[in-house]
Amino acid sequence: MTIRTHVLGFPRIGAARELKLALESHWRGELSEAALEATGRQLRARHWAQQRDAGLDYVTVGDFAFYDQVASHIQLLGCEPARFHFAPEQSPLARYFTMARGADTHAAHAGCGHAHHAHAAGTAALEMTKWFDTNYHYLVPELSPQTRFSLACERLLAEVAEAQAQGHPVKAALIGPLTFLWLGKEKTPGFDRLALLEQLLPVYGALLDRLKRQGVTWVQLDEPILGLDLPNAWRSAFESTYWQLNQVGVNILLATYFSPLEENLSLTCRLPVAGLHVDGIRAPHELISVTDWLPAHKVLSIGIVDGRNIWRTDLDAALAVLRPLAARRDGHLWLAPSCSLLHVPFSLEAETELDTDIRSWLAFATEKLAEIAILKGALAGHPDDAALAQSRLAVAGRRASPRVHRPQVAQRLQALSPTVDRRDSSFPQRQAMQRARLQLPDFPTTTIGSFPQTPAIRAARASHKRGELASAEYERQMRAEIARAVGRQEALGLDVLVHGEAERNDMVEYFGEQLDGFVFTRHGWVQSYGSRCVKPPVIYGDVQRPAAMTVAWTVHAQSLTDKPMKGMLTGPVTILQWSFVRDDQPRAATALQIALAMRDEVADLEGAGIGIIQIDEPALREGLPLRRGQWDAYLDWATRAFRIAACVVGDTTQIHTHMCYAQFNDILPQIAAMDADVITIETSRSDMALLAGFGQFQYPNEIGPGVYDIHSPRIPSTLDMVTLLQKASAVIPPAHLWVNPDCGLKTRGWAETEAALQNMVAAARQMRAA
Ligand code: GLN
Ligand code: ZN
């Protein structure tokens, strides 16, 4: 029995986000290509050395990318879209960044936690979308009947040579051909991208051959789509694909992760490859059947350390899972994190200010390497007893900690009444009562919540955070910002006002900082896309709300106007989705706790006289499980969590929700079941087309389809917005329509915001007059 250890991938951004800094200075023209390449080389060398020093048997080469691994494959496979019209003198790296960021005018930002590419003139960047169910965004390959592949593997081979020169045993890692095609987007209607496979395989074959000739013995091919509901044509393509690739004679480790294999399990285990990696965290229940099905002479790589979360592994529990499996394999057993460590922060070493108890419960990428090595030692019969004991202590400490388990939270959950997620009356009854109370015109106008986060606001917050600006003074400045925002909205003639969120850094962090059960790291950065990183909060314990979080600001704002002031909250599912969550209870349980905390805030806002409360759920859709079979269960608890937060109010209080997209067609019944009185969604970029589903479904409650794209600096004309509203009126009863932008305005400037909103108010007036 041989045990080997490896990772599927390592964070590339660097311990101190060196790659981010280098990239941004390169893009500003301050760092040469050669200097950027040198930074890349240094980071790779450092990360390989770290893998070796941790005792891993292989270092992984091919997981590094200057922007994104899928974009790197587009170049590797020679399929840069022709629409970029690259000039021969452009360097590969310059072309790469053009594909990633567009040419001429490009501004990429994540105003609403989503990544958007805004672009006014020149060549648009490749589209970006989420990598499976993670918060990492990849660049989408564009595929058409004209797509041709060719081998351009110099960068990869050079990286392999680098690692070899540094004395490392190399395992190369690549995205598999079927996953690569699956992730691509068909640019020609009616074209089936699977048709490109035949052409793509020889290129992969040649690539494997080059790697083999360079002395690489193992190549990891990532095929995470084996965890999805695949059409039959895609399933059956696996066998011939891997049969063909296996002819090259290099050992292929087929890597699956993120999701159970289910109906693809026996297919996967029978593929003609030398080894298989499975995700023992997301699919622990499949480990036995994989061991049964996978021929004994093949390598089984078990992902036993969570690559998606930040908790220290319970090593005893992991060993209990591994021992019987190891005993049954006379071939090789490999150990690894469940998936690439790209999705967790770099190292705990920098977290010197973190509470020491909580710190002892965590493991970031660096610490996970050590865990893999400890597990190997224990399985191989030479356990590191000190390390095991320390881990045992930390795990037991976490399990028993009164900071994790708060009896009053459990008691409250037990005592929930069956009507906790129901409004008192039906929507039509509430609608009548709310109309009587609010006295709004037809086509009421509002905004999504945030107004521009000006440099002055950011500077004040930064200096308050550093302890330089006293709290009283910070508060005075924020109250003045709120007053300015209210004054501007009154002058514009908007019907339902907002306070503008000046006091909020981020829509999740703002609440996490005030709730019990959350902790924030100093350097826990995770790459989101390109040079952009996020620092998700960590939910470590039972959540509760010690005190009101938004009431004072909202009441202040309401005191400045006679118009209704809309209270603004982030919903439980979004808070959950954008945090690292507990692994000692189901996600649903954590969502419920957050829902109850938000419910308290909703009740306090209502009690303070606020008549309209918006609970944002922009992450509801992205939380959908990868497997459709799990959608219902998720949507059940997710929509219930929303209702629990919302349904504390009386009939005359109007509940809004907001989501930054309009792809609802497959989940409309559940969106309707949230029973928000008003939902605002993104629709302007799709020209209202996506609203049709709501019409066909006869969505029962009121809707504000966004009439202008806040991701673009372009100021829409009144006519543009009237046209959109007319389209909307054709599919939604006009009496149910609201008028608002697509999303919050925090990333925009005031001048453009006021100009656009002025036109928007004029558009609503025209609709009323018509
Ligand atoms: N209320 C938030 C804002 O306006 C909503 C942001 C979002 O949809 N992600 O900024
Ligand atoms: Zn939004």
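Cβ atoms are placed via backbone N, Cα and C, with glycine included.
The domain 'Cobalamin-independent methionine synthase MetE N-terminal' feature in TrEMBL is assigned to 5-327. Summarising the annotation, TrEMBL assigns 5-methyltetrahydropteroyltri-L-glutamate binding site to ARG17, GLU18, LEU19, LYS20, LYS130, ARG532, CYS533, TRP578, GLU622. Among the features that TrEMBL reports, domain 'Cobalamin-independent methionine synthase MetE C-terminal/archaeal' is placed at 443-765. Feature annotation from TrEMBL assigns L-methionine binding site to ILE448, GLY449, SER450, GLU501, ASP616. Marked as L-homocysteine binding site by TrEMBL: ILE448, GLY449, SER450, GLU501, ASP616. If you look up TrEMBL, you'll see HIS658, CYS660, GLU682, CYS743 marked as Zn(2+) binding site. Feature annotation from TrEMBL assigns active site, proton donor to HIS711.
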Nearest to ILE448 (L-methionine binding site) in three-dimensional space, by Cα, is which of the recorded positions ARG17, LEU19, CYS533, GLU682, HIS711?
GLU682
For the recorded positions LEU19, LYS130, CYS533, ASP616, GLU682, HIS711, which sit with their CB under 6 angstroms from an atom of ligand 1?
ASP616
Given the binding-site residues GLY449, GLU501, CYS533, CYS660, return the subset with CB under 6 A from an atom of ligand 2, ordered by sequence, or none if empty.
CYS660
What does the structure give for the C-alpha distance between HIS658 (Zn(2+) binding site) and LYS130 (5-methyltetrahydropteroyltri-L-glutamate binding site)? Integer Å is fine.
20
Inside 10 Å of the Cβ of SER450 (L-methionine binding site), count up the other Cβ atoms and send me the figure.
24
Can you give the largest Cα to Cα distance in Å, as a whole number, for the residues ILE448, GLY449, SER450, GLU501, ASP616 that bind L-methionine in the record?
13
Could you check which of the binding-site residues (LEU19, LYS130, SER450, GLU622, CYS743) sits closest to HIS711 (active site, proton donor), going Cα to Cα?
CYS743
Binding-site residues LEU19, LYS130, GLU622, CYS743: which have a Cα within 10 Å of SER450 (L-methionine binding site)?
CYS743
Going by a 10 angstroms cut-off between Cβ atoms, which of the recorded positions LYS130, HIS711 has the sparsest surroundings?
LYS130
Looking at the binding-site residues CYS533, CYS660, GLU682, whose Cα is closest in space to that of ASP616 (L-methionine binding site)?
CYS660
How many neighbouring Cβ atoms, not counting its own, are there within 10 Å of the Cβ of GLU501 (L-methionine binding site)?
26
Name, in the order they occur in the sequence, the residues of the same chain whose CB lies under 8 A from the CB of GLU622 (5-methyltetrahydropteroyltri-L-glutamate binding site) and which sit 6 or more residues away.
LYS130, ASP133, GLN577
Which of these binding-site residues has the least crowded Cβ, counting other Cβ atoms within 10 Å: ARG17, HIS658?
ARG17
